[in-house]
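First comes the structure, then the notes that go with it.
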Amino acid sequence: MAPLHFTILILFSFVIVVSSSSFTPPRHPFDPLTETELKLVRTIINKSYPVGPNHKFTFQYVGLNEPNKSLVLSWYSSPNHTIKPPPRQAFVIARDNGKTREIVLDFSSRAIVSDKIHVGNGYPMLSNDEQEASTELVVKFKPFIDSVAKRGLNVSEIVFTTSTIGWYGETKAEAERVIRLMPFYLDGTVNMYLRPIEGMTIIVNLDEMKVSEFKDRSVVTMPIANGTEYRISKLNPPFGPTLHNAVLLQPDGPGFKVDGHIVRWANWEFHISFDVRAGIVISLASLFDTDVNKYRQVLYKGHLSEMFIPYMDPSDDWYFITYLDCGDFGCGQCAVSLQPYTDCPAGAVFMDGIFAGQDGTPAKIPKVMCIFEKYAGDIMWRHTEAEIPNLEITEVRPDVSLVARIVTTVGNYDYIVDYEFKPSGSIKMGVGLTGVLEVKPVEYIHTSEIKLGEDIHGTIVADNTVGVNHDHFVTFRLHLDIDGTENSFVRNELVTTRSPKSVNTPRKTYWTTKPKTAKTEAEARVKLGLKAEELVVVNPNRKTKHGNEVGYRLLHGSAAGPLLAQDDFPQIRAAFTNYNVWITPYNRSEVWAGGLYADRSQGDDTLAVWSQRNRKIEKEDIVMWYTVGFHHVPSQEDYPTMPTLSGGFELRPTNFFERNPVLKTKPVKVTTARKCTPKND
């Protein structure tokens, strides 16, 4: 167990970069596919499906095929991992001449072991290459060029973003694999999203790579470029507010160690990897218990499963904007390189992300993940005792946590996703929303100009600019193993109770707890905020010395849920947001809450559908699904860029330990450098 390094000193700064391509051969069953393995996948598949003028074959997803859990745990629990690890395989989703093909490839035999055609609804996530190709196609399309000229605009100043179009009752045959291109105008700004060119419909068929529909419906006045700049080098005084420079350093070095993809810090050990769809994946998170002198299981696997982003404008230019970001675009594929000292503090360790491009060639996102210790001035625990005569006692421990971070930029929004581990045993998942609003042009510059009864579907945030109302629903898949694989879900209701007449008390009421163990999936669906209850995953086979079942409690954040009608097409596809919390029995194929094929899906392969089987979940290997929700009514402070809006939740040990696990954490040793005394004004 790595000790906590609490000595703090301001000295110098450093960052460490660990390249994923160096992890060859993999030493862990959950290690992401290496560059060498991705090249092997490409070689083997290209031999089976030769690409030519009449045979179009593209890689849409390549990732680690989920290994058998029992084999993983046997390997993990063996002394020094001496048992042979599970077979290492790749899972590939490809487009093959207009069909979606699912391929499993085994690395030891260097052979394809499974190959089938997907016959259901929906399409795989878009590749970067085909999105770029679609934009290059449109700028050469004469009807589009003519429409641009009609508006008096310069084609060279136009940029595009691509949008999936969802599903609105079309049959499978009608629901072609198409995207809609949304044009924006630069001409004096780089903040493209604040200058939309509306009134045009541009649809591109991705399989045929041609413009399948083009309409120029109307000419809409664009917002001006003035006031949209956000680059500090281009902004003019006055600046502010002024923040003083600071560097936090540990003279003993970081308190965590990264060995391949294994991270060890304080009393935690976990595996971290990168997936092109999920982003960060945390696996086999275990907590060292000094009372029993061993690591205890907490989280088998946790990651982002899906994001649902519906906008609240039913007009032709907006109704289709109901993204399923991870399934449509890939939350890992859209992840960006993190900036040392700003995205991540000094002392951070950075890791690259490797994934397969459309032709199967490995691509790399440098510094896509970072790991760092967080000193935020929080207090781990404290107490001042002044009630004892002639004695005053004060004990304080500053809090430190370990954060694994990724930032995924899906179009205009930047999502900061944090997995934060605390010495107390808690795991906090945080989501920060920042970036640029998606806006629409209007004729108004003041609210007094809005016609009586007119709904502008948002807020006037600048001249001729409305920030459109929308939601963000961020769903996490949390495969918990609380001290083992046999877990249950307990809904511990807090009930107001009348004081019994037999008790001599002036109190009329109090609250007490009424725990109920969910036996099936239906009993575990939770809409937060309807009643007071604690939600706990327990291991009924493990109890403390006082008889309490060991467990982890969900400390939820916002109770925001969907406001769309249940029969609205976007909500049918995103029915996994109907409840804030779901519990399902572990099924290796149930990974993506919005379905394996999200693009143009019809809602028939989602968490909501799987859960209709109402399977047994008591004393089973179970998975918790939790959705962080935001209703976003834009404000002027969100323009031209948006200050980070944060949400999240916490998994907190509940009777997991016999006592406070950080009781014996020693006070920090603080070393100060020069000029650390505040200046009095």
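Note that the numbers count up from 1, one per residue, in the order the chain is shown.
Yeah, the Cβs are placed from backbone N, Cα and C, and that goes for glycine too.
Quick look at what Swiss-Prot annotates:
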ACT_SITE  D325  active site, proton acceptor
ACT_SITE  Y413  active site, schiff-base intermediate with substrate
BINDING   323-334, 410-415  substrate binding site
BINDING   H470, H472, H632  Cu cation binding site
BINDING   D481, D621, I622  Mn(2+) binding site
DISULFID  C344-C370  disulfide bond
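A Cα-Cα distance of 25 Å separates D621 (Mn(2+) binding site) from C326 (substrate binding site). Cβ proximity to the Cu cation site centre (mean Cβ of H470, H472, H632, cutoff 8 Å) flags the following additional same-chain residues: I309, Y311, L433, N469, D471, F630, H631.
Within 10 Å of the C-beta of V410 (substrate binding site) there are 21 other C-beta atoms, taking all protein chains into account. Comparing Cβ neighbour counts within 10 Å across the recorded positions D325, D481, D621, the minimum falls on D621. Between the CA atoms of C370 (disulfide bond) and H472 (Cu cation binding site) there is a gap of 24 Å.
Distances between the Cα of G332 (substrate binding site) and those of the recorded positions D325, Y413, H470, H472, D481 are shortest for D325. For the recorded positions listed here (Y323, F329, Y413), the lowest count of other CB atoms within 10 A around the CB belongs to Y413. Across the fold, the C-alpha of D325 (active site, proton acceptor) and the C-alpha of V410 (substrate binding site) stand 7 Å from each other.
A simple way to gauge crowding: the CB of I622 (Mn(2+) binding site) has 27 other CB atoms within 10 angstroms, across all the protein chains here.
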